[in-house]
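Q: One structure is given below, represented as structure tokens, and several questions about it will come after.
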Amino acid sequence: MILAEAIEVTRRYGDVTALDRVSLRVTEGELVGLLGPNGAGKTTLASLLTGVRRPDSGTVTLCGGDPRDPRTRRTLGVTPQETGLPATLRVGEVVDFVGAHYPDPVPRAELLDQFGLTDLVRRQTGGLSGGQKRRLAIALAFVGRPRVVVLDEPTTGLDVQARRGLWDAIKAYHAGGGTVLLSSHYLEEIEALADRVVVLGHGRVLADDTVTAVRGMVGVRRVSFAHDGEPPALPGVVATELREGRTHLLTPDSDQLVRALVASGVDFRDLEVAPTSLEEAFLAITQSETLATAA
Amino acid sequence: MTLALVHARFQLLETIRIPIALIGSAFFPAASMLFFVVPFAGDDPVAATFATAAMVTFSIMVSGLFTYGVGVADDRAQPWDGYVRTLAAGAGPRFAGRILAGMAMSLVSLIPVIAIGALFTQATVSAGGFLLGLGAVFVGALPFTLMGLAIGYALPLKAALVVCQVIFFPLAFGGGLMSSPDQAPGFIAAIAPYLPTRGAVELLWAAVGDYAIQPLSLVMLAVWTAVAGAIAVWAYRRDEGRRFR
């Protein structure tokens, strides 16, 4: 059963095309990661699937219905941004307010206990610490026993401990048969949770594959060194750049590249191997037509 | 219906936790009572009653425009609003909840005006007239509520604030709220029937005193209500939270 689907969806803001004929299908029980740098269109896609915005063209469905229809959204769980909680309301009041929208909400005490918020039930949300706010925000996604949960960059700005806590909650929900669409710009986060990754860049789907396959594409490292003469021809290079007297090579397998570099007998100096940002990796993907073979 | 109450309760809780917000909508009409009505019309029972009714109308207009116009625009700028849009509640419960909460707040903000009218002027009203007046307040509040919703959903916060401030003044004076029923300057008497404030205050005057309503004012009140309602629904439907270009 398909729980969330976008077919040929396009969405523009003025002159900017945020999504360009994007198609995505999430079936029941899947945990799909949506990976992309800032501005790739992740938030826009999430807002279409949760009924906040509507597409300019194409169709979006949620559990077989239109996400703009409130009844469809009874099956949906979403996390508010941590900074978006109503500051003057108490924790218990916020949980009750959200729970009232669902036919069979998790009892307040049970939910608060599950997320370690029991002692905070009388506190105003504005007085919570960042980690506590985030725990409450995540709890709200699960209060309605949703069939599908859409989490848009849920761990941005979280410390390591809070991030682990969130991951545990997502894993537990998924283990119980829940369906999750999770966007992130951390490959690490997607690797920890998802089975399948959809890579978004410049509003288009660049890849839709297993975590391992995508790791090979975006887990790119930069190998750079100075040397005299022509740049050497080396295997597994996604992109080559000559800058400030140094050669920069982007590659999914830096170990192999360094071995080949040493074996080639090139007289290199100041060798550096560094991880690239996701932005750089995407630049490499979008610029390189030979990626499929290189990766 | 339950969801409307849930949303109303949420709105009221948010307002009550910052009580100074209440004083804002009650202050101006109460101050106008003290500075204009009490010294100038306080000794004449008929004039004082009409003037108090005009201040009540002024109060519901101000709270309608600002509570909904500025309140909705402000809420839309908050990330929480984007989240609430993902919950299973459509325009119905959200509008209804907001209006219920807003009505409750308006009634509270009317208390000082009515108290000043009762204690410091000769204004009088029968029990039946008071109940009729309460009904007139609800009908009269409608166009301003809907105008506020239309402004709040159509405009960003800063624009909504300016529009509310710009229109409340001509609505109040142009509708004749600052003059007694038959002593308005000529040009105000000419334009007043076309403004919603006039229809609202005439309903209230007729409820609490001896006043014959002009049909034109009532027709225009209905027109303003219908147009504002249509714009409010249109603005809500096209709204997608914050918009950036």
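Cβ atoms are placed via backbone N, Cα and C, with glycine included.
What you are looking at is a predicted structure, and each value in this text was computed from that prediction instead of being measured.
Marked as domain 'ABC-2 type transporter transmembrane' by TrEMBL: B:9-204. The transmembrane segment annotation in TrEMBL covers B:20-41, B:47-70, B:99-121, B:127-152, B:159-178, B:212-236.
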Q: Is the transmembrane segment (B:20-41) packed against any residues at least 6 beyond its ends, judged by a Cβ distance under 8 Å, and which are they?
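A: Distal contacts: 47-48, 50-52, 55-56, 58-59, 62-63, 66-67, 105-106, 108-113, 116-117, 120-121, 178, 180.
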Q: For the transmembrane segment (B:212-236), name the stretch out of B:99-121, B:127-152, B:159-178 with the most CB-CB pairs under 8 Å.
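A: Checked against B:99-121, B:127-152, B:159-178; highest Cβ contact count belongs to B:127-152.
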Q: Look over the recorded stretches B:99-121, B:127-152, B:159-178 and say which has the most C-beta pairs under 8 A to the transmembrane segment (B:47-70).
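A: Per the Cβ under 8 Å count, B:127-152.
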Q: What residues elsewhere in the chain lie close to the transmembrane segment (B:127-152), defined as a C-beta under 8 angstroms and at least 6 residues from its ends?
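A: Distal contacts: 53, 56-57, 60-61, 63-73, 75-76, 95, 98-99, 102-103, 106-107, 110, 160, 163-164, 167, 196, 199-201, 203-204, 206-209, 221, 224-225, 228-229, 231-232, 235-236.
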Q: Cβ under 8 Å, sequence separation of at least 6 from the ends of the transmembrane segment (B:99-121): give me the contacting residues as numbers and ranges.
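A: For the transmembrane segment (B:99-121), the nonlocal Cβ contacts are 4-5, 7-9, 11-12, 15, 22, 25-26, 29-30, 33-34, 37-38, 41-43, 48-49, 51-52, 55-56, 59-60, 63-64, 67-68, 71, 137-138, 141, 145, 148.
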